[in-house]
Amino acid sequence: MFTSIFGAFESGIIYAIMALGVYLSFRVLDFPDLTVDGSFVTGAAVAAILIVNGANPFAATMVAMVAGFIAGCLTGIIHTVGKVNALLSGILLMIALYSINLRIMGKSNVPLLNTDTAMTAVRDFFDKTGIDGFFNGILTAIGLGDSLPRTWGILLFMIVVTLAIKFLTDAFLKTELGLAIRATGDNKRMIRSFSSNTNLMIILGLGLSNAMVAFSGALIAQQGGFADVGMGIGMIIIGLASVIIGEALFGTKSIARTTLAVIGGAIIYRIVVTLALRVEFLEPGDMKLITAIIVILALTAPKMIESYKEKKRKVKRQLENMQMVAVPSEGKGEAGAALKSDS
Amino acid sequence: MRLVLHLNQIHRVFNEGTPDEKIALDNINLTLDKGDFVTVIGSNGAGKSTLMNIISGVMLPDHGQVELDGKDVTYMTEYNRSKMIGRVFQDPMAGTAPSMTIEENLAIAYSRNKRRSLRLGVTKKRRELFQEVLESLHLGLEDRLNAKVGMLSGGERQALSLLMATFTEPSILLLDEHTAALDPARAELITNLTQEIVDKYHLTTLMVTHNMQQALDLGNRLIMMDKGQIILEVNEEQKAKLSIEDLLNEFQRIRGTKMASDRALLS
């Protein structure tokens with residue numbers, strides 16, 4: 001039990017980077033970008049093939065990020081220059097990337113076992129410091145000693161990396177360029193009237209978003225020990241689920257708060273899925289269905305609750321109006337409202 | 001007098017070659033000198049909005065030239081042109097970004113004519129400037145720099161839009177019925193603010209309005225449009241003596257029909 005939660009936490013914090021990318025496109029830019037399913041694999045594929053061919057794993061991860069950036073920019077260009085619907089441009093690139101990813105890898109699966117990856121490098125580094133022994137000592141002391149994680153290094157390393165990306169994102173969204181990207185998602189007409197090229201902002205925003213997604217893909221491949229051409233299926237929905245869960249649980253008061261919420265959402269999503277899979281009648285293949293249901297509920301429930309409340313309010317107001325119909329001065333408010341809607 | 005805006009033979013047809021063909025602008029000529037404040041009135045479909053869209057670059061004219069500050073900007077993109085043009089729209093929601101704070105909105109307006117980079121949008125120095133300009137609105141917004149703009153009322157948002165469009169002193173200010181969607185009290189507030197701000201920054205302004213009284217109260221020149229043409233131009237001296245009655249009579253004299261706008265009559 002502890003090991004599986006630990007594992008969920010560990011991969012959750014890596015997927016959180018992908019979720020931050022989805023937050024950037026979906027929420028900040030208000031662009032439903034389906035490129036994610038493809039660019040996640042592109043990141044994994046580029047990193048895996050470079051590592052297998054002897055490249056430095058950290059450098060390979062950086063190259064993977066650049067590949068994701070390019071993929072995102074292409075979606076942006078198809079949408080803005082080609083004036084293709086946002087969803088369709090994402091799907092087009094997602095499909096195109098499937099073939100490209102196969103070409104990059106040369107086959108549908110590239111194993112990374114027994115290869116030096118960023119993750120093994122981190123693990124080896126932490127092995128020497130003795131931190132594992134320290135944490136495992138604590139666990140043993142509180143009675144969880146029977147299933148100890150193999151290394152704490154990856155978790156600690158990933159917490160640092162993910163938080164660094166979070167803070168960079170926060171800072172970026174406060175720069176002049178970041179503000180323009182946010183305004184592009186918020187009110188295109190307005191930002192154009194303040195001399196910003198909305199097309200460029202969309203392309204740049206999608207590039208950055210998919211760079212994060214590919215980065216996450218590259219790390220997941222190294223953590224899991226393989227890159228697979230099918231590993232990105234449904235990634236956009238997982239990202240969206242993380243964003244929605246995070247926002248609902250931790251709030252969206254400020255940018256910094258929201259990005260933290262998204263990371264939390266990604267981790268909680270992983271833990272929920274891990275726990276769900278321990279339920280007898282659920283199989284690993286059900287995971288995508290569970291995810292889809294979570295997202296559907298999260299998307300529809302708030303609106304349904306809101307419209308139910310609205311209805312109740314209206315019924316109540318109508319009842320009040322009927323009671324007050326005898327009082328002539330009450331009509332004034334309505335006449336005012338009518339005038340307003342005329343002008 | 002320095003010429004700020006020069007429209008030369010601007011022509012624009014919608015749905016050309018179809019039964020719905022409509023001449024929106026019919027060879028319009030218009031010049032605005034530095035400091036001119038021109039109000040534009042006219043019935044629905046007179047071409048006022050098309051005129052605004054062509055000046056701001058949202059639409060291209062079929063032929064004719066738009067010159068701004070002595071430069072031919074006819075084919076310049078909307079966003080490039082926006083460096084020189086301040087705009088306030090009719091919809092109070094259109095001029096601001098609702099999910100961003102007041103200071104962030106002002107920061108966007110502030111970097112209008114600068115190259116946007118990785119510099120911080122809201123610095124301490126800029127915040128002081130934002131506070132100072134917000135005080136001129138007398139709405140207490142200077143104490144709510146971190147409030148999201150979506151939380152403001154329509155009047156407050158329009159006042160903020162007006163400020164954002166103007167405080168970087170654009171070459172020309174375009175106001176497109178910017179008080180029409182507000183209740184009378186708010187509309188008056190925004191009208192007064194417009195006067196104040198235009199005076200303060202000596203802005204060259206083109207204002208479209210449905211409200212004849214507003215068109216008479218504000219500005220130093222007035223033009224009346226109908227069916228894509230400018231049918232009446234009134235200079236400062238004549239304008240001071242004009243009444244709504246005169247304008248309506250003038251319209252009837254030129255066109256031989258009554259002005260077809262209930263809204264114009266009502267307001």
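We number each residue from 1, going along the chain as drawn.
Including glycine, each Cβ sits where the backbone N, Cα and C put it.
Marked as transmembrane segment by TrEMBL: A:12-29 (among others).
Positions annotated as transmembrane segment by TrEMBL: A:58-78 (among others). Below 8 angstroms of C-beta separation, residues 25, 33, 35, 38-39, 42-44, 46-47, 50-51, 84, 89-90, 92-93, 97, 118, 121, 199, 202-215, 217-219, 222 of the same chain, each at least six residues beyond the ends of the transmembrane segment (A:58-78), sit close to that stretch.
Annotation comment: TrEMBL describes A:85-104 (among others) as transmembrane segment.
Among the features that TrEMBL reports, transmembrane segment is placed at A:152-173 (among others).
If you look up TrEMBL, you'll see A:198-220 (among others) marked as transmembrane segment. Remote same-chain residues near the transmembrane segment (A:198-220) are listed as 11, 14-18, 20-22, 24-25, 28-29, 31, 33, 35-36, 39-44, 46-48, 60-61, 64-73, 75-77, 79-81, 118-119, 158, 161, 165, 172, 177, 180-181, 184-185, 188, 191-192, 231-232, 235, 239 (criterion: CB distance under 8 Å, separation of at least six residues from the stretch ends).
Taken from TrEMBL, the feature transmembrane segment applies to A:226-246 (among others).
Per TrEMBL, the feature transmembrane segment maps to A:258-277 (among others).
Annotation source TrEMBL lists transmembrane segment at A:289-308 (among others).
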Contacting positions for the transmembrane segment (A:289-308) when only residues 6+ beyond its ends and CB under 8 Å are counted: 234, 237-238, 240-241, 244-245, 248, 269, 272-273, 276, 282
Folded-back contacts onto the transmembrane segment (A:152-173), same chain, C-beta under 8 angstroms, at least six residues removed: 6, 9-10, 13-14, 16-17, 20, 24, 28, 119, 122-123, 125-127, 131-132, 135-136, 179, 181-182, 208, 212, 215, 219, 223, 255-256, 259-260, 263
Residues of the parent chain within Cβ reach of the transmembrane segment (A:258-277), under 8 Å, 6 or more residues beyond its termini: 4-5, 7-9, 11-13, 15-16, 18-20, 23, 27, 162-163, 166, 169-170, 238-239, 241-247, 249-252, 283-284, 286-287, 290-291, 294
Spatial neighbours of the transmembrane segment (A:12-29) far in sequence, C-beta under 8 Å, 6+ residues away: 36, 40, 72, 155, 158-159, 161-162, 165-166, 169, 173, 181-182, 184-185, 201-202, 205-206, 208-213, 215-217, 219-220, 223, 235-236, 238-240, 242-243, 246, 258-259, 262-263, 265-271
